[in-house]
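Enquirer: The following block contains the structure, expressed as structure tokens.
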Amino acid sequence: MNQTPELFTLPESLTHEQGEKRLEVATGAVLLRNWLSPEQQLFLVNQFRRWAAGPVPPRRPLIYGKPMSVQSVSLGWHWQNYAYSRIASDVNGEPVLPMPQWLIDVGTKAAAEAYAEYPETASARWFTREDNRFVADSALLNYYSPTAKMGMHQDKEESTNDPVVSFSLGDSCTFRFGNTENRNRPYQDVQLNSGDLFVFGGPSRYAYHGVMKIIPDTSPKHCDLAVGRINITLRNIGASHDPHQDR
Ligand SMILES: O=C(O)CCC(=O)C(=O)O
Ligand SMILES: [Fe+2]
């Protein structure tokens with residue numbers, strides 16, 4: 001566990017010249033292909049297994065009383081539809097694991113690299129912090145079985161407008177990125193592959209988005225994830241108060 005930060009801080013692991021591609025899906029919505037090296041992907045998959053071992057196990061969150069098809073577990077702040085809390089009151093009442101510093105640092109680097117091509121005067125308004133750094137206080141870890149999906153939605157339960165930083169591992173998916181008005185067109189479908197980084201903030205922060213389909217048998221061998229897709233999203237939810245602990 002202690003070697004982990006080096007894997008992410010070695011300068012040569014920051015960018016991968018071979019095959020790296022930047023795609024601006026919309027202003028503030030940037031996809032960097034293969035941002036994670038194969039070793040980093042494998043590391044995160046194994047880390048996901050450790051995080052999923054508890055104290056709070058992954059569960060299918062309820063949306064309007066119906067379980068989602070993805071299984072989720074959180075670090076830092078536990079996500080339930082319409083609320084973030086330190087305690088997983090809808091699972092087993094245990095506190096979620098804290099955010100490791102190395103993961104916070106990976107998120108800072110990811111947001112900075114995704115937005116490196118925007119003039120600072122533009123992207124400065126997309127961050128809460130005056131120094132323009134993205135400092136995540138929570139991570140949502142989603143596991144998609146080959147039949148799982150996520151319907152079009154906005155991420156709007158956070159109390160900051162900081163970008164959402166998202167990593168894909170394992171099977172590829174068809175990710176739909178839409179507009180900020182409603183779940184319908186215009187939208188774009190992009191394939192997210194293992195190792196890709198997707199950041200959405202600024203004018204795209206409240207765009208509707210979803211996962212339409214997992215593309216089976218696309219997980220690269222180096223991930224050691226035979227079936228399914230893992231998505232890790234880092235956020236600065238900006239919460240300082242946990243209503244669940246008042247009770
Ligand atoms: O799995 C993904 O790529 C997106 C996940 C997502 O939108 C969310 O957790 O809010
Ligand atoms: Fe989302």
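Cβ from N, Cα, C; glycine included.
Automatic prediction, not curation, is the source of TrEMBL annotations.
Checked TrEMBL, it gives:
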{"type": "BINDING", "residues": "H153, D155, H209", "note": "Fe cation binding site"}
{"type": "DOMAIN", "residues": "135-238", "note": "domain 'Fe2OG dioxygenase'"}
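Relative to the rest of the structure, where do these features sit?
Expert: Every protein chain considered, the tally of other Cβ atoms within 10 Å of the Cβ of H153 (Fe cation binding site) stands at 13.
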Enquirer: Kindly report the helix/strand/coil residue split of the domain 'Fe2OG dioxygenase' (135-238) according to DSSP, in that order.
Expert: 6 helix, 47 strand, 51 coil
Enquirer: Validating a neighbour-count step here. Other CB atoms within 10 A of the CB of H209 (Fe cation binding site): how many?
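Expert: The Cβ of H209 (Fe cation binding site) has 25 Cβ neighbours within 10 Å.
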Enquirer: Taking the Cβ of D155 (Fe cation binding site) as the centre, how many other Cβ atoms fall within a 10 Å radius?
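Expert: Other Cβ atoms found within 10 Å: 18.
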Enquirer: Using the CB centroid of H153, D155, H209 as the Fe cation site centre, which other residues of the same chain sit with their CB within 8 A?
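Expert: Close Cβ neighbours, site residues excluded: M150, M152, Q154, K156, A207, Y208, G210.
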